[in-house]
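Asks: Next up is a structure, given as structure tokens.
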Amino acid sequence: MGGGAFKSVRRAKPGQNAAANHEAGFGCKLQELRSLMELRGEEAIQKIGENYGDVKGLCAKLSTSPVEGLDGTSEDIIRRQQVFGRNVIPPKKPKTFLQLVWEALQDVTLIILEIAAIISLGLSFYQPPNAERQSVQDEGEAETGWIEGAAILLSVVCVVLVTAFNDWSKEKQFRGLQSRIEQEQKFSVVRGGQVIQIKVSEIVVGDVAQVKYGDLLPTDGVLIQGNDLKTDESSLTGESDLVRKTPEKDPMLLSGTHVMEGSGKMLVTAVGVNSQTGIIFTLLGTSEEGDSDGEDQKAKKKNKEKKNKNKEGATVEMEPLNEDGDPEKKKKTLPKKEKSVLQGKLTKLAVQIGKAGLFMSALTVIILITRFLIDTFWIQGIPWSNDCVPIHVQFMVKFFIIGVTVLVVAVPEGLPLAVTISLAYSVKKMMKDNNLVRHLDACETMGNATTVCSDKTGTLTMNRMTVVQIYVAEQHFKKVPEPQIIPANTLELLIRGIAVNSGYTSKIMPAEIEGGLRRQVGNKTECALLGLVLDLHRNYQTIRNEVPEEKFHKVYPFNSVRKSMSTVLRDYSGGFQMFSKGASEILLKKCSKVLTSNGEIKILRARERNDLLKNVVERMASEGLRTICLAYREFPTSEGEPDWEDEPQIITNLTCIAVVGIEDPVRPEVPEAIRMCRRAGITVRMVTGDNTSTARAIAVKCGILHPADDHLCMDGKEFNKRIRNNKGEIDQDCIDKIWPKLRVLARSSPTDKHTLVKGIIDSTVMEQRQVVAVTGDGTNDGPALKKADVGFAMGIAGTDVAKEASDIILTDDNFSSIVKAVMWGRNVYDSISKFLQFQLTVNVVAVTVAFTGACITQDSPLKAVQMLWVNLIMDTFASLALATEPPTEALLLRRPYGRKKPLISRTMMKNILGHAIYQLTTIFILLFCGDILFDIDNGRNAPLHSPPSEHYTIIFNTFVLMQIFNEFNARKIHGERNVFEGVHRNPIFCSIIAGTLVTQVVIVQLGGKPFGCVALTLEQWLWCVLLGFGSLLWGQLVSSIPTKWLRFLTTAGHGTQQEEIPEEELEEMKDQHEIDHAEMELRRGHVLWCRGLNRIQTQIRVVNAFRDSVSPYEGLETPESRSSIHNFMTNPEFRIEDSEPQIPLIDENETENEPPTKRNSVPPDPSRPGLAPPNSVPLPPCPGSPLHSLETSL
């Protein structure tokens, strides 16, 4: 079936015939390679053996070299792309502008307005035979009766076009962001004998790619050579156990899987839609296109049910038992990660205001109809006549239109729009500040961050490492010695060990400019050691040429548990030689010998080892240096070949060659950034793998630790002891005693980092729940990055797995970029509050004016079209103007708001009511006395189709000008006096104010009957402007009133707290590991079937579409927004929220006398497809995995 679907796709592909002619240039065809990649293990090896002899034979057929790679000429690359395809998956087409217009037209209120306008239009052309009703006296007036209906239709068209354009531009922005993320993705390939980094989309079949720990494989391939390579294939198979890959047993590497350990080289055999992931994608795409919307919805529903079933199935398997043997009862209130908190608050507020608006509009219509009936049939005593029915209906339609326009103005559907615009604007600008936001919520959450758990290397430091001290030949050199001082055989072992026992992707390149620093490529610690080789006037590359990676007998790659790396070579005599490097205090404990000053080997006694640790390692560490021990071991032929899998027996009895001290200077901007964090109420904690002395020294330099403060600095072992109760289980109360004072956690494993983050998030000792941001770069940082409220991955040093688990990628790996993220996050919050302050003032005034006017004068002073224009100003334009304010340093002078803070503070409520009083007073004076003050005709009680009056035009003009000036007041929400401060830095605000003003002049002077306006004189204009300007002066008066005097004012815009969520809703959400507040409030607001819910839903749909486009793994049923295979597998199944990876701990029992304790006793959360415990039953295919989606979608 897969092949059939694929063939149909291939037939549709342009240039396919040309490709067929090209295939003759290669020894194997596309279909042949595709079917090869569908095999696994023994079958695959047998097939390669039968068809090609071995992998080298396959390389020959693909005209490539396993060592040199492709020659890299553009003709060859283009030819391969034509024959075997490009490494991209074509994205689904975005919605067209017309589709978005159609969606905007679905808004219930707009439909009601359209119907009312059409009825009004139809009735205006109807002339009753004997109509003697006073209202229609003039024939000319009757002829212009159609204008209002037409104008409303025109306004609706305007609103729809603006809405559709907004959605279109946002979708375009989001797609732009996604393609930016994809351009960030690069991969190492060998071309022309050189290792180069190319964009993932440029990889072609026949490339030799270098894969290493932490990579997300962008293509399918066959392993040429591997060093202890293990991959996580759960994204394709649902099996969470790591799969060992070797050229002899299982050489097949699949796109979308993660390299969890080791390194190697692979021959690329399938790319793009021909890779395993691409095939699934193609099938999903074709099945989706064939479905109707209704079926698609059913499929999604079914898929969701199936996911839930699977999750429940997993629950049964993984539930821990308590002492009685019963499954433990789940705690009801297990804290969950919350997202879209701000959006949740806004949606809740919009729904509340919407209900009030619905009530007010209904009341307005009822009062208008009642007054009309009483006035017509009782007071005037007009008898009922069938001929007058159309006239009565016309009045009813007019009242109905007034009611609907009240509703239009009352419901702030611009709120979610403001959030979307503010977030999208912030995301775009944050890119310039080196923050690549992958999940939109992260931007908002950063504004509330209270704790940042930061890595040291590369984030706080420059990640430019150099060896500055060395202990070798029983001497401690404070600077790199001349090579002749070191005994020849010691020097030979040192150079050889460094050259061979490091990733061959790490190398030192010449400086780009003359006299500049040498460029370091790859792992920076390894680069420092390679730099030492160059400083000792030796060349590591000649040794690497002698010993290519293919000659390695066994490699024990570095991981966070080993904290060391070892490489085994076969020597000339047939024996083996192993070189090791790693953390000094760990590796020295495994050394039983040491090289002396004349290059001989002597026994290293325990006392000497302790002296070495104390006088050399600790002294270097106290100066902030990272210490690395270099050692080796000989395995003579006489002893036979050892069991290489018995790691503890192999990496022991080592001979110490040297201990080096590597300097990694603190970034110059970091101390200031940390000082700003402290001032902003954010605690910075350093979590590092370095030893305690190094970590403490760096923390003091950065300003994390202050000598006078009573703060803790501890290592992972002590932390693990102190967080456990008597039973050896992790206890939240024990964590609560430590974390408030903990500032540095050294020698920590990823599990410790995850435990600390979880402990801080779950803690209730503080008044407010802590919002934690975490930085990470390694594969094993995945769980901590996922658990944190905001995960920051390193753009330069970070592995693909870390990037996939993160919310924001720091493109410059710099801590000060995190401070910028905090500023932007707080700015989003303030921008929304500014918009709210403005919008609610307009809401209160417009609704009150329309309601009161309608009740007193049987007509709203503001016409339907005018109301729609006001709605456009305050919803769309104001949200653009106020949501795009750039952040200022002043945002960091206050503490975080916290998640419980209401959106509308007392000060804002004072401003809203204060300005509403001024505006209402002005409008009512104009309404009831304006005709006398300006000496003009009274516009009240005008007949149905009478021409516009100067009186009502002045009211409308003053109302709009008051809003325009009040927009300046709305820029300040904390009671500041200078409302113009920084206005010149926001060109969007200035242009929107200018644009609105110009449009208003045009509407008043030229709008005529459609807008219900009459051209005003210069004097009348000046009065309107003066009354509008008065709101600025009034604003100064309002801000002079101390808020503490107004105790009676309440706050508004509270979100629903986690503990307030009803149990039924919690029950529904039990399968989700996070609470989406926006979705939850939206579900509750479905009562508000009318105005705004559709718009609110559309806004949230756009935001969610963005989330999907940057984080598509949530559900493969909607792959419209992915365009590169590399971006396909985001959010790997590496989701260990509460469990730890099952990696053997090699060092525990040897270094500690006490029995090993259970490292992390919190039971694995069944709702997350993490790594399964060793003895667990294999899980069904993971929900969300391509395989699973394939089952449900087809």
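Cβ coordinates are placed from backbone N, Cα and C, and glycine is handled just like the others.
Pasting the feature list from TrEMBL:
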REGION    1-20  region 'Disordered'
DOMAIN    49-125  domain 'Cation-transporting P-type ATPase N-terminal'
TRANSMEM  108-126  transmembrane segment
TRANSMEM  146-165  transmembrane segment
REGION    289-337  region 'Disordered'
COMPBIAS  299-309  compositional bias 'Basic residues'
TRANSMEM  358-379  transmembrane segment
TRANSMEM  399-425  transmembrane segment
TRANSMEM  916-936  transmembrane segment
TRANSMEM  951-968  transmembrane segment
TRANSMEM  988-1008  transmembrane segment
TRANSMEM  1020-1038  transmembrane segment
REGION    1133-1194  region 'Disordered'
COMPBIAS  1163-1184  compositional bias 'Pro residues'
Asks: Which stretch from 358-379, 916-936, 988-1008, 1020-1038 shares the most C-beta pairs under 8 Å with the transmembrane segment (951-968)?
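Replies: Answer is 1020-1038, with the largest number of Cβ pairs below 8 Å.
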Asks: Under 8 Å between C-beta atoms and at least six residues away from its ends: which parts of the chain pack against the transmembrane segment (916-936)?
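Replies: Long-range Cβ neighbours of the transmembrane segment (916-936): 841, 844-845, 848-849, 852-853, 857, 861, 949-951, 954-955, 958-959, 962, 966, 1020, 1023, 1027, 1030-1031, 1034.
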Asks: Give, as a single whole number between 0 and 100, the mean pLDDT over the domain 'Cation-transporting P-type ATPase N-terminal' (49-125).
Replies: 81
Asks: For the transmembrane segment (1020-1038), find every same-chain residue at least 6 residues outside the stretch whose CB is under 8 Å from a CB in it, and list them.
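Replies: Answer is 910-911, 914-915, 918-919, 922, 934, 950, 954, 957-958, 961-962, 964-966, 968-969, 977, 979.
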Asks: Looking only at the domain 'Cation-transporting P-type ATPase N-terminal' (49-125), what are its DSSP counts of helix, strand and coil residues?
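Replies: Counting residues per DSSP class in the domain 'Cation-transporting P-type ATPase N-terminal' (49-125), I get 48 helix, 4 strand, 25 coil.
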